[in-house]
Amino acid sequence: MFTALFGSVELGLIYGIMALGVYLSFRVLNFPDLTVDGSFVTGGAVAAIMIVSGYSPILATLAAVGAGFIAGSITGTLHAKGKINPLLSGILMMIALYSINLRIMGNSPNIPLMREDTIMTMFQSFWATLPFDGLMTSLFTTLNLPFTPSTWGILLFAIMIVIVVKLFTDFFLSTEVGLAIRATGDNPRMISSLSANTDRLKILGLGISNAFVALSGAIVTQYSSFVDVNMGIGMIIIGLASVIIGEAIFGKGSIFKITIAVIVGAVIYRMVVALALRVGFLETGDMKLITAIIVIGALVVPRLLENGKERRRKYRKARKIKEQYGGEKSVAATKSDL
Amino acid sequence: MLQLSQIFKVFNEGTTDEKAALENVYLDLKDGDFVTVIGSNGAGKSTLMNLIAGNLTPDVGKILIDTKDVTRLKEHERSKLIGRVFQDPMAGTAPSMTIEENMAMAYSRTRKRSFIAKGVTKSRKMFFKEQLESLGLGLEDRLNAKVGFLSGGERQALSLLMATFTDPSILLLDEHTAALDPSRAELITDKTKEIVSKNELTTLMVTHNMQQALDLGNRLIMMDKGQIIFEAEGEEKQRLTVERLLEEFQKIQGNQLANDRAILSH
Ligand SMILES: Nc1ncnc2c1ncn2[C@@H]1O[C@H](COP(=O)(O)OP(=O)(O)O)[C@@H](O)[C@H]1O
Ligand SMILES: [Mg+2]
């Protein structure tokens with residue numbers, strides 16, 4: 001149980017990078033980009049094939065980021081230059097990527113990375129030289145806690161990398177170009193009257209968004225030592241779920257807060273799924289259904305709560321008014337008295 | 001400064017919805033000219049503005065700004081030279097972004113946007129504050145407020161500031177007070193007068209308010225059915241009254257009516 005939750009925090013943080021990408025397209029650019037299902041795998045595929053071909057895992061991960069950027073820019077170009085509807089541009093790119101990903105993977109539907117050096121094992125071997133894990137284990141045993149994670153290295157690595165991506169996002173969105181990208185999603189007419197090329201900004205924004213997604217895919221692949229050509233299916237909904245859960249819990253504040261919210265949303269999503277899978281009658285195959293229900297819940301529940309709050313407020317107000325001014329009946333009574 | 005020559009623009013040409021929006025329009029604005037534009041609905045005033053701004057391109061004709069031929073330039077390329085305020089108060093600002101972020105975007109209008117420089121810096125903040133103070137609406141204390149929370153009048157004042165504080169070669173105002181209540185409209189009109197004269201901006205302002213068209217600016221043009229049908233400048237403009245304008249309009253319409261009859265009777 002605890003081990004599963006611990007694992008879902010690690011994974012949630014890594015998927016948080018993908019969720020930040022989805023936040024950039026869906027929320028900042030106001031562009032429902034479905035490329036994600038494909039570019040997530042592209043990231044994993046590029047990283048995996050390079051690692052098995054003997055390249056450094058760091059280089060492989062950077063190449064994955066580049067590939068994601070290119071995929072996103074192509075979606076952006078289809079929309080901006082080809083005047084194809086945003087949803088359709090993303091779907092077209094998504095299916096095109098399925099074939100491309102297979103090609104990248106040398107036409108095999110999956111590549112295992114067992115016994116290969118990955119960015120994870122690299123960090124882990126550095127981490128092992130530090131006394132931290134031993135300290136934590138003895139701390140956990142003296143506190144008599146029911147479980148001890150085998151290592152904290154992965155968690156720390158995930159935290160570090162997601163924070164780097166978060167801070168990069170925050171910074172980028174505050175630069176002159178970043179402001180123009182935000183305005184492109186908010187009021188394109190205004191920003192093009194202020195000499196910004198919205199076509200180019202959309203292409204750039206979608207490029208960065210999918211670069212994040214591919215980075216996430218590359219790290220997930222190295223985390224699980226495995227890439228599968230189908231592992232991207234439904235990824236967009238997971239990203240969206242993370243964004244919506246984050247917003248539902250934290251509300252909409254500054255960019256700095258929202259990017260934290262999105263990451264926390266991704267972790268919560270993973271934890272909910274991990275818990276749901278513990279429920280007896282649910283199976284791994286039910287994951288997508290669970291995801292759909294989580295998203296629907298995150299969309300509907302806040303509204304229901306808001307409605308309830310509003311109804312109670314009106315009810316209280318009606319009572320107060322009644323106390324102050326008397327009920328409707330007494331008004332009628334005074335009238336008939338006259 | 002701004003020269004339009006032989007501008008023609010037809011919408012939906014060759015269909016039953018064909019509409020000649022501009023026909024053989026010539027216009028020459030000298031540096032510092034403040035031209036008010038009046039005319040009935042559908043006269044082609046907004047089309048004229050959109051052609052200058054680059055939202056539309058003319059079928060025939062040439063547009064020069066600062067003696068540079070901009071006819072083929074896209075809107076975002078031209079807008080380095082043009083400041084613009086729209087009729088809709090929602091159109092000129094980004095609602096989910098703050099006042100200072102909106103001003104920063106306007107500040108970048110005349111330059112190349114940087115990937116690394118922050119849009120809002122300390123020194124720019126000071127400058128934005130100073131600019132906002134000149135509006136006298138207290139917006140300088142709300143730099144971090146989202147623009148979506150401002151009233152229509154406040155937004156329009158902000159748009160006006162954003163269009164002008166970077167010293168555009170041409171300022172385009174298309175009924176920018178029409179969506180406001182009378183007192184707010186008056187405020188924006190006063191600010192417009194003040195800002196344009198202080199910065200000696202070359203301005204083209206569309207208004208449906210004849211009195212306003214007479215009070216503001218040194219030139220006036222009247223449009224009808226895609227053509228400029230009346231112009232007045234300098235002292236001649238100063239002597240104009242609303243009655244004279246109406247008379248002028250009727251005279252031309254009357255002529256047109258007579259023409260139409262003549263055509264029909266053939
Ligand atoms: N995008 C468009 N497509 C078709 N017709 C248009 C378009 N824009 C304007 N028109 C038509 O061109 C004419 C001039 O419109 P416009 O310039 O908006 O007039 P004004 O601003 O003077 O009221 C009107 O008849 C209008 O219906
Ligand atoms: Mg108009």
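Note that Cβ sites are derived from N, Cα and C of the backbone, with glycine treated the same way.
Straight from TrEMBL, the features:
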TRANSMEM  A:12-29  transmembrane segment
TRANSMEM  A:41-74  transmembrane segment
TRANSMEM  A:86-104  transmembrane segment
TRANSMEM  A:151-173  transmembrane segment
TRANSMEM  A:203-223  transmembrane segment
TRANSMEM  A:229-251  transmembrane segment
TRANSMEM  A:258-281  transmembrane segment
TRANSMEM  A:287-305  transmembrane segment
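Between the transmembrane segment (A:151-173) and the transmembrane segment (A:12-29) there are 3 or more Cβ pairs closer than 8 Å, counting only residues 6 or more apart in sequence, so the two stretches are in contact. Remote same-chain residues near the transmembrane segment (A:229-251) are listed as 15-16, 18-19, 21-23, 26-27, 33-34, 36-41, 44-45, 98, 101-102, 105, 109-110, 213, 217, 220, 257-258, 260-266, 268-269, 288, 291-292, 294-295, 298-299, 301-302 (criterion: CB distance under 8 Å, separation of at least six residues from the stretch ends). Listed by sequence, the residues of this chain that lie at least six past the ends of the transmembrane segment (A:12-29) yet keep a Cβ under 8 A from its Cβ atoms are 36, 40, 72, 155, 158-159, 161-162, 165-166, 169, 173, 181-182, 184-185, 202, 205-206, 208-213, 215-217, 219-220, 223, 235-236, 238-240, 242-243, 246, 258-259, 262-263, 265-271.
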